[in-house]
Every structure is written in structure tokens, then in C-alpha cells.
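A short write-up of the structure that comes next.
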Amino acid sequence: MKTIKAVIAEDDFRVAQVHEKFLGEFPCFKVVGKALNAKETLQLVREKKPDFLLLDVYFPDRLGVDLLADLRLQFPHLDIMMITAAAEKDFIEKALHYGVEHYFIKPVSLDQFKRAIKKYLDKKSLFQTADTVDQAWVDSLFGAARQEAASKETPLPKGIDAITLGKVKAVLLPDQGQSAEQVAEKIGASRTTARRYLEYLVSAHICRAEVEYGIVGRPERKYYLV
């Protein structure tokens, strides 16, 4: 497959570096620029003319979802994936409306990212290799891919709610461990609830737990985004 020029739009440079490493798992991707806000994103896309944009939602100057109309008008062939802590249905609906390839809710594991990128590359490959188009080809593009994704979707266990899980995932960081008590305070839940969700994420390999010792030497479990 030919080289896919990519731009990463993320207001946290550390997170942008993680996303660049994720894309680096695929040799066909070449990151040609990183933007820290909405204005830089539009400028960079104009200058670099990328094939692919990995777009956050929350920027200091403008929402990423509000950029979608401008991006589609000016760059109709740009492929866009969104990767964000924003789990609002309105944002996801707008992303679908503007043809976003995938919508990740942070934190995103490498395995999740690789599955979505592989699906994206498979779709591009279908267009590049097909000489003729028939119904079977269309089904493979629209139907089969969705059925495969649905068959792989694992239901959440009892006691784990998708909305609360999204909130817990959104506060985790790869380089700063947080205790169950800290997470509970941020999401407005009890320490017991936070620990239950955190341990579920550990079992799903989305975060990891480490035992750390504080000033008084008392051990405490800290959770890190994988």
C-alpha cells in the first residue's frame, strides 16, 4: 500500500506522541505534522495535504467536531478518525454525519487502535484492488465489516455500566498513576465503585495496576493507562 500521510491534532503533546507511536505500528503511515489547537489543525492540513487526520474534540480555541464541516468542505477526500475523551452522543452523531472513519473514546489501548486501523486499511485496499464492482463487493464493504465488528463486541459484565466505564477511562493517564480514591473523586462515585471499574479495566488490559508506597510507607494501588 502507498504511503498514507497523517496529521495528529491533539492539544496534549504527550498524548500526541503516544498516538504517533500507535500509528508507527503500521509502516504505511507517515506522520507529517502535529497540531495543538484547531487553528493549527486547519493550517497544517492546508500546508501538508495529508490523507489521514487523527482529530481530538477538545481544543482551547474550538471544538474538533466543529471543524468537521470546514474540513469536509475544503478537503472532501481527507480520511478522519476522532480520538477523544468526549462521550457525548451529539458529538458522535456529528462525527457520523461527516463521515468520520472511527470514533475512539479515551483511553484507547494499542489493540483497540490496531483493530480500527486494520479495518480502515482493509477498506482502502478494497478500493485499490477492485477492477469491477458488484453486490458482493459492496456487501464486503458495508455489510460484512459491520457484522464482523458486531460479532467481536463483548457485552459488559454485571455491575459495569458503559457510561461510568467511559468516565473512569477518561481520567486515566499513561504516565501518572491514580488511586481508586482519586478516580472516585473525579467521577463523583464511591471508592468501592471506582475500584471495581478500575480492576475491570486491568482485567481487560486497558490499564495496569502497580503497588506504590507513600511517604508513611503504606502500600497503595495506582492505576495507569496502558
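In case you wondered, yes, glycine gets a Cβ from its N, Cα and C as well.
According to TrEMBL, the protein has these features:
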DOMAIN    5-121  domain 'Response regulatory'
MOD_RES   ASP56  4-aspartylphosphate
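In this structure, the residue listed as '4-aspartylphosphate' belongs to neither helix nor strand by DSSP; it is coil. Residues in the domain 'Response regulatory' (5-121) partition by DSSP class (helix H, G, I; strand E, B; coil) as 54 helix, 28 strand, 35 coil.
Mean model confidence of the domain 'Response regulatory' (5-121) amounts to 92 (pLDDT, 0 to 100 scale).
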